[in-house]
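> Pasting a structure here, questions to come.
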Amino acid sequence: MFNLLKPFYPLVLTAAKSNPEGAHLQLLNTLNTLERTHHTRGGNWLLSQLDQSFCVDDSRLKQTLWGLTFNNPVGLAAGCDKEGIAAGIWSHLGFGFAELGAVTLHPQPGNPRPRLFRLPHDKAVLNRLGANNQGAEIMAQTLAEIWQRSPRNIPIGINLCKSKITPLDEAAQDYVGSFSYLENQADYFVVNVSSPNTPGLRSLQEGEQLNSILQALQAANQHQKPLFVKISPDLEEEAILTIIELAQTHCLAGIIATNTTIKRDRLTTQILPETGNKIQEEAGGISGLPIRDRSTEIIGFIYQKTQGKLPIIGVGGIFTPDDAWNKIIAGASLLQLYTGWIYQGPWIIPDIVRGLGDKLKQLGLSHISQAVGINHK
């Protein structure tokens with residue numbers, strides 16, 4: 001059913017261009033309504049149609065990592081479902097896992113609008129949302145209600161960010177506060193110290209500050225939930241090595257590479273039409289195709305420096321099966337995407353999943369784990 005709509009998706013993108021944030025919120029609310037009504041005859045039928053259109057079953061892509069089962073390696077990146085209101089639906093759209101948030105301990109409205117811009121010539125998005133969300137306590141309530149109605153049938157992660165009002169020297173307590181509310185509502189957690197849209201946040205990637213955050217979180221992590229750190233694509237090698245060392249010291253599950261970039265050097269867009277300003281003057285992080293190669297480069301660097309012993313979730317600029325494959329052979333065990341999903345619609349997930357299966361067949365590999373880091377073997 002939904003495959004019949006694919007030719008019309010560019011029209012949807014065009015219609016939503018004037019208000020991308022509003023269109024996205026409308027989509028999330030629609031998915032939330034579907035989740036709430038899934039037990040009805042009509043809702044159950046719609047979910048079955050989603051499953052038929054977007055879910056691909058391939059045992060060669062199934063992995064168990066950190067005690068969690070991933071039916072395929074393609075996950076939803078943080079930033080899409082900030083409040084977790086569609087948490088019960090992402091599995092029906094073909095994702096192997098989903099990361100919710102970013103969420104902060106304290107509710108915050110984010111930055112002034114407009115704050116989300118599509119750069120179609122670059123297949124990119126400029127976002128300066130500012131971690132707008134209702135706070136960790138409300139998200140915990142939302143997810144508890146969803147899990148009562150819908151099974152948690154894919155691994156769910158939550159991206160934790162520091163509240164804007166919290167001083168940098170109190171960041172550790174802020175992250176722990178969010179974790180305490182949400183610990184029972186997700187399968188893994190991510191320490192976001194790399195968003196460019198919270199003042200000073202990126203400084204928390206530095207050794208001493210990140211050390212205190214990870215130490216506090218692991219002390220609070222009584223159930224040993226897998227804990228990751230998400231890093232910036234703008235880091236130099238020395239800074240990445242420091243984070244690798246801390247990740248190993250604090251027994252992190254892995255590293256997510258990477259978040260958005262503040263660099264503008266790979267953009268063809270020079271003027272932001274919505275404001276008339278030069279793109280270099282516009283605050284915010286760039287996601288999508290412009291960070292594809294840099295994120296893949298960092299994945300390879302981490303894999304080589306850790307000899308493949310620290311798992312990597314690769315994210316940034318995935319639009320095609322080749323993009324996904326290149327991150328896997330560079331060293332990523334799992335993948336995430338969001339911007340590609342916006343530009344190409346939900347069909348991108350089954351396309352990539354099938355494409356990964358085709359790659360395995362071409363190389364005579366029997367399982368996706370055999371391809372991880374194969375560039376360095």
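Every residue, even glycine, has its Cβ placed from backbone N, Cα and C.
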> Hey, Swiss-Prot has substrate bound by ASN127, ARG128, LEU129, GLY130, ASN192, ASN197, ASN259, THR260. Any idea which of LYS62, LYS82, LYS305, LYS309 it lists too?
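So, going by the record in Swiss-Prot, that would be LYS82.
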> Based on Swiss-Prot, name the residue from GLY135, GLY308, GLY317 that is recorded for the same FMN site as ALA78, GLY79, CYS80, ASP81, LYS82, ALA102, ASN159, ASN192, LYS230, THR258, GLY288, TYR338, THR339.
GLY317
> Please tell me which one of the recorded positions listed here (ARG128, GLY130, SER195, THR260) sits closest to LYS82 (FMN binding site), measuring Cα to Cα?
GLY130
> Cβ distance under 8 Å to TYR338 (FMN binding site), same chain, sequence separation 6 or more: which residues?
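Those within reach of TYR338 (FMN binding site), by Cβ under 8 Å and sequence separation of 6 or more, are LEU76, ALA77, ALA78, GLY79, CYS80, SER287, VAL315.
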> Rank the binding-site residues ASN197, THR260 by the number of other Cβ atoms within 10 Å of each Cβ and report the first-ranked residue.
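That would be THR260, with the highest Cβ count within 10 Å.
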> Mind telling me which of the binding-site residues GLY130, GLY288 has the densest Cβ neighbourhood, counting other Cβ atoms within 10 Å?
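Highest number of other Cβ atoms within 10 Å: GLY288.
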> Ranking the binding-site residues ALA78, CYS80 by other Cβ atoms within 10 Å, which is at the bottom?
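With the binding-site residues ALA78, CYS80, fewest surrounding Cβ atoms within 10 Å: CYS80.
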> Which residues in the same chain, at least 6 apart in sequence, have a Cβ under 8 Å from the Cβ of SER195 (active site, nucleophile)?
ALA102, ALA131, CYS161, LEU201, ARG202, ASN259, THR260, GLY285
> Rounded to an integer, what is the Cα-Cα distance in Å between LYS230 (FMN binding site) and ASN197 (substrate binding site)?
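On Cα coordinates alone, these residues lie 14 Å apart.
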